[in-house]
Amino acid sequence: MTDSNRIRLTWISFFSYALTGALVIVTGMVMGNIAEYFNLPISSMSNTFTFLNTGILVSIFLNAWLMEIIPLKRQLVFGFILMILAIAGLMVGHNLAIFSACMFVLGVVSGITMSIGTFLITHIYTGRQRGSRLLFTDSFFSMAGMVFPIIAATLLAQHVAWYWVYACIGVLYLAIFILTLCSDFPQLGKQAVGDSQPVRKEKWGIGVLFLSIAALCYILGQLGFIQWVPEYAAKRFGMSIEESGGLVSNFWTAYMVGMWFFSVALRFFDLQRIVTVLAALSTFMMYMFVSSQQSAMLSMYILGLGFVSSAIYTTLITLGSQQTKVSSPKLVNFILTCGTIGTMLTFVVTGPIVAHSGAHAALATANGLYLVVFVMCVLLGFVTKHRLHGHAAK
C-alpha cells in the first residue's frame, strides 16, 4: 500500500468518526426546533431519535459480516447516495414517519461508515501505533461535537430551518465520498482471492468477553453520567443553566485534550496496563465528583475525569483487535456493537433511576459501571493475547 493511499484511508476514518459525532451530539441542539416544526411536545420528539441510535446499532452489527461480502468502497459510495436521500427526505417530508425513517437511514449510514473507519485504522496500523492512531481518530468525534453545535446554534439564531444543520453535516460525507473515489481499499473474505495462503480463523478467547462488557459499561456509564450532570448540579447546588452546562463543556474539552495527549503517550505503554490505570483513576475522579459537597470543586473533578477517561474506549477497541494475530472486522465490530448498546440503554437504565431516586443516584450508578470497567481490565490482564501476538511491541 502506498503512503498516499494510506493517508487517504486514514482521513476517511477521521471523517467517519466526525460524521457520527456530529449526528449524535447535535441532536440536543435541534430537538426543540424539530418538536415545534411537527407541533409535538419535546418529550415525544426525543423518542423519535431512538431511530438514529437503532440505525447505528443495526448497521455496526450487520457490517461485521457485510464487510466480507460487499466491498468497502461500494458500501461508502452507496452510503453517500443514502445520505443525500435522507437529507432530501428531511427537507421535503412534513410527516413524522418520514422523519423517523430518515433518522434511521442516517443512523445506518453513520454506523456503516464508522465501522469501516475503525476497521481501516486497525488494519493499516499495527502494534502500539494502532492504539494511538485509533485514539486520534476518536478525537474527531469530540471535535465534531464541539464544532457542529456552534454551527447549529448560528444557523438557528439566524432563523434558518433546522434541516440545514443536517445538510452541513452531509458535507462530511461529501469529503468521505471524494476520498473514497480516489482510494484503494483492502479486500476481505471471499474478495481476497489473490492471497496464496488463506488466513486461518482464530478463536477470540475470553478476553474479548471482558473487553465487550467493559465497552458496554464504559459507554453506558459515561453517557449516564454526563446526561444527568446538569440536572444534578442544578438541584443539588442551585447552579444556573450556564454554570451546569459549563461542567459538561469542561468534560468534553478535557476529553478532547486527553485524546490528543494519549494518542502520543500510548506508544510508550503496554495497553492493558495503562487502560487498567486509567479506569481506576476515572472511577476515583467520578467518585470524588459524586461525593463532593463543594460546588467549587466540581469543575476540577470533571476536568480530571474527562482527561483520564478519554483513552479508555478506543484502547478497549484496540486491545480487542489485538486478541487475534490478524485484525478481525467481526471482532472489532462486536466490541463497537456492545458500546452502541450502551448508548441505547442510557435513558432506559438511568431514566427510571432518576424518576425513583433522583439524579444523584444515576451518577452513583455510572460510578459503579466505571468500577465494573476497572474490574474487567484487571481480569483481562490474566488472559489477554496482545503480548502473545507481538502487538505490544512499538
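Heads up, the Cβ atoms here are built off N, Cα and C, so glycines get one too.
The annotation transmembrane segment is assigned in Swiss-Prot to 11-31 (among others).
Sequence-distant contacts of the transmembrane segment (51-71), counting only residues of its own chain at least 6 positions beyond either end whose CB sits under 8 Å from a CB of the stretch, comprise 20, 23-24, 27, 100-101, 103-112, 114-116, 119, 185, 187-191, 329-330, 332-334, 336-337, 340-341, 343-344. Taken from Swiss-Prot, the feature transmembrane segment applies to 51-71 (among others).
Long-range neighbours of the transmembrane segment (76-96) within the same chain, counting only residues 6 or more positions beyond its ends whose Cβ lies under 8 Å from a Cβ of the stretch, are 12, 38, 40, 48, 102, 105-106, 108-109, 112-113, 116, 161, 163, 166-167, 170, 173-174, 176-177, 180-181. Residues annotated as transmembrane segment in Swiss-Prot: 76-96 (among others).
Per Swiss-Prot, transmembrane segment is recorded for 101-121 (among others), and the stated evidence type is sequence analysis.
Annotated transmembrane segment per Swiss-Prot: 134-154 (among others), in sequence order. Within the same chain, residues 10, 13-15, 17-22, 24-26, 28-30, 117-118, 121-122, 125, 165, 168-169, 172, 252-253, 255-256, 259-260, 262-263, 266, 310-311, 313-315, 317-318 sit at least 6 positions outside the transmembrane segment (134-154) and bring their C-beta atoms closer than 8 Å to a C-beta of that stretch.
Sequence-distant contacts of the transmembrane segment (160-180), counting only residues of its own chain at least 6 positions beyond either end whose CB sits under 8 Å from a CB of the stretch, comprise 8, 11-12, 15-16, 18-19, 22-23, 26, 29-30, 33-34, 37, 73, 76-77, 79-80, 83-84, 86-87, 90-91, 106, 109, 113, 144, 148, 151-152. Taken from Swiss-Prot, the feature transmembrane segment covers 160-180 (among others), and the record attributes it to sequence analysis.
Within the same chain, residues 248, 251, 279, 286, 309, 312-313, 316-317, 319-320, 323, 331, 334-336, 338-343, 345-346, 349-350, 362-363, 365-370, 372-373, 376-377, 379-380, 383-385 sit at least 6 positions outside the transmembrane segment (206-226) and bring their C-beta atoms closer than 8 Å to a C-beta of that stretch. Here Swiss-Prot flags 206-226 (among others) as transmembrane segment.
The transmembrane segment annotation in Swiss-Prot covers 246-266 (among others), and the record cites sequence analysis as its basis. Taking Cβ pairs closer than 8 Å, the transmembrane segment (246-266) reaches residues 128, 131-133, 135-136, 138-139, 142-143, 145-146, 226, 229-230, 233, 239, 274, 298-299, 302-311, 314-315 in its own chain, all 6 or more past its ends.
What Swiss-Prot lists as transmembrane segment is 274-294 (among others).
What Swiss-Prot records for 297-317 (among others) is transmembrane segment, and it gives sequence analysis as the kind of evidence.
Swiss-Prot lists 334-354 (among others) with the feature transmembrane segment.
The transmembrane segment annotation in Swiss-Prot covers 363-383 (among others) and rests on sequence analysis. Long-range neighbours of the transmembrane segment (363-383) within the same chain, counting only residues 6 or more positions beyond its ends whose Cβ lies under 8 Å from a Cβ of the stretch, are 205-207, 210-211, 213-214, 217-218, 220-222, 224-225, 228-229, 232, 272-273, 275-276, 279-280, 282-283, 286-287, 289-290, 309, 312, 319, 349-350, 353.
Sequence-distant contacts of the transmembrane segment (297-317) (same chain, six or more residues past either end, CB-CB distance under 8 Å): 118, 122, 131, 134-135, 137-138, 211, 214-215, 218-219, 222, 229, 233, 237, 246-247, 250-259, 261-262, 266, 271, 274-275, 278-279, 281-282, 285-286, 288-289, 332, 335-336, 339, 370, 373.
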